[in-house]
C-alpha cells in the first residue's frame, strides 16, 4: 500500500455528520450552515518539540490537538460542527498514522464534529493544524469584549494542572493517581463546550485560558477597555497540583497556560445562577476577582496587597486569534 | 516591540470584508454565510524545502500559498470569502514577517478574501497552512464526480509551466522573458476563479491541476466511475516552456503538477460555448481528450497509439481533499 492510499484509508474512517454536503475526497468540502446560525472558525497548530514532547503517543497528540482547537469554539459558545486537518509528517508511517487517525476520529465524534477535509504533506517537523468550525445562533457568539466594571470574574475547573502535567513529563515522578490526573489534563484537555452554551445568555465576555489566566484576562481587559483585580488565593488549584508541586501550584494557576478552562465576566447578580448552572453540569465555577473601571490587572494577596513580580501577559511567540 | 506585538501588527493590516461579524483578535472569527449559499472550504500547506526552496522571498511564498489554496475554491466554482492562516516560523523575524504579511494582505484583497484568524507558532521548519472559505449558491458546487462517457475534457491555460519554473530555480538559466514567465507561473499561480464561476452551469465535473494532469484526471475518473483518452499532442504548452525545455515540455505538461489550471468535463455540444466564454475572459480553453465508459486513462500519440511509460497518478506523499 502506498503512502497516498495509507493516508486516504486512515482518514476516511471519520464519520460524515450533519450539514456535510460533500466531505473528504473532493477539492473542497461543501457545507451547509443552517438558517439563523453563524459560522465560528478557529485554527490551531501543534508543533512537535514546541507544544508536545517528541515521542508523545499519537493518540495523545490527536486528543490534545482537538481539545485545544475546540476550546476556542467553546470560548465563543459555539457548537462544534466540522474539522479540517493540515498534517505535516517526516514520513508516511502507518505505525503513527493509524493510531493518530483512529484517535482523531474517536475524539471528533465525541465532540460532535466530522472531519471534512485535509492536506497531508511531507516536512522535517511533525506539525498539525486543525481548523475547527462551529455554529452559533446569530448574534450570540461570546466575545472577549463586553466585560463591564463591577462584573465578577469566574473561571471553570482548576488551573495550573496542565503545567503540572508537563512537569511530570519533563521531570518524571513515581506514577500515582495524581500524576496520571495531571498528565491527563495536559494531554486530553476537555473543552468546556456545554458550559459556555449553557451560560451564554448570562455572560458579558469570555475566553478560554490557553496562555495562562493573567495573560488571557489581559486580552479580555484590552478588548473590553477595562481593568481587573484578581484575588490570588481564590484561584482554584487541584489537590493533585498542590500535593505534587506545593511551591509552584499558585504561580502555575495564574500563569501556566493550556488548561483550556473558561474565564468569564459576569454581572454580580448573575454569579449565583451561573455557579448553579455549572454545578448541574458537574463543573466547578469559581469567582476569582472583579472587573474595574481603572485599567490594568492587579493581583492581590490575602491581605489585599498587590502581588509583584508575576509573569503577566508574557511575550511568548504564540498568538492565536 | 515584542514578537507578539510584531505578529499582531503585521496581520492586522488585512482588511475586514463582507460577512465578517468578528475578525482577527478574538478566540474565533464569527462569519455570516448569506442565505441561499453553501460554505466551501479547503486547507492547503506549504513546507519550506518541500514546496518551495529555502530562501524564497516572503512575498513569493504568500502569493504561492494563496494561489494554491484558492485554486481549490476555483475548482469548486466557489467565490473566495475568508482566510485563516496557521504559520510556523523558526523565529519571529520582522525582515521576513513584514513583507510576507504585506504580500498576503495584498493578494487576499485581489482575490476578494479577508484574513479572519490565525495561529502563529514557533517550530524548526517554516510551515504555512491556509484554510480558504468560499461561497457557492446551494447545490452548485462543481465536483470531481459527474463526468459522463462522451464528455470532452477541457483544460485552461498551458500546462507544465510551473514545473519549468521550478527547473529554472534548481538549475539557473540566463534570465530572459521566458525564464521570468515560467518563474512567475511557479511562484504566483493564478486561480481560475472567474472561469469556473462562468462555466459552472455548463460543466459536468471539474478539478484543479495540482498533481499533474494525469494524476488529477485519474481522481476525476475514479470519482465519476469512468475512463478517458487524452491526445498527448493536444495538451497545451507555452512557447516559453517549449523553447527552454523542448525535451521535457510534453512530459511536464502531462505530469508536472502545480499549474493550478482547471480540468473540466463537458458535454460535446457545450464545448464551443465554453471555449467562447473563456475567450471573453482572456483564458485559453483546450480540448485534450474525451471521457470513455471503459475505465482507465489512456494517453494517445499523434497516430492514435497508446503512449507507454508515463508517470500517471504518481504516489507522492501529498494528498489534498
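Glycine is treated like the rest: Cβ placed from N, Cα and C.
Copied from TrEMBL, the annotated features are:
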| type | residues | note |
| --- | --- | --- |
| DOMAIN | B:25-136 | domain 'PurM-like N-terminal' |
| BINDING | B:27, B:42, B:72 | Mg(2+) 4 binding site |
| BINDING | B:27, B:72, B:208 | Mg(2+) 3 binding site |
| BINDING | B:44, B:119 | Mg(2+) 1 binding site |
| BINDING | B:44, B:72 | Mg(2+) 2 binding site |
| BINDING | B:51, B:258, B:314 | substrate binding site |
| BINDING | B:118, B:119, B:144, B:210 | ATP binding site |
| DOMAIN | B:148-299 | domain 'PurM-like C-terminal' |
| BINDING | B:211 | Mg(2+) 5 binding site |
Of B:208, B:211, B:258, the binding-site residues whose C-beta sits under 8 angstroms from some chain A C-beta are B:208
In three-state DSSP terms, residue B:27 (Mg(2+) 4 binding site) is classed as coil
Within 10 Å of residue B:72 (Mg(2+) 4 binding site) (Cα basis), scanning binding-site residues B:44, B:144, B:208, B:210, B:211, B:258, I find B:44, B:208, B:210
Whole-Å Cα distance, residue B:210 (ATP binding site) to residue B:119 (Mg(2+) 1 binding site), is 26
Within 10 angstroms of the C-beta of residue B:208 (Mg(2+) 3 binding site), the count of other C-beta atoms across all shown chains comes to 28
Under a three-state DSSP reduction, the secondary structure at residue B:72 (Mg(2+) 4 binding site) is helix
Nearest to residue B:119 (Mg(2+) 1 binding site) by C-alpha distance, among the binding-site residues B:27, B:42, B:51, B:258, is B:27
Residue B:258 (substrate binding site) sits from the residue listed as 'Mg(2+) 5 binding site' (Cα to Cα, rounded, in Å) at a distance of 6
Taking every pair from B:118, B:119, B:144, B:210, which the record gives as binding ATP, the longest CA to CA distance in angstrom is 31
Listed in sequence order, the residues of the same chain lying six or more positions from residue B:51 (substrate binding site) whose CB sits under 8 Å from its CB are B:45, B:64
Close to residue B:258 (substrate binding site), taking Cα pairs within 10 Å and only the binding-site residues B:27, B:42, B:44, B:118, B:144, are none
Comparing the Cα of residue B:144 (ATP binding site) with the Cα atoms of the binding-site residues B:27, B:42, B:44, B:208, the shortest distance belongs to B:208
Over the domain 'PurM-like N-terminal' (B:25-136) the mean pLDDT stands at 94
Across all protein chains shown, the binding-site residues B:42, B:210 give the max Cβ-within-10 Å count at B:42
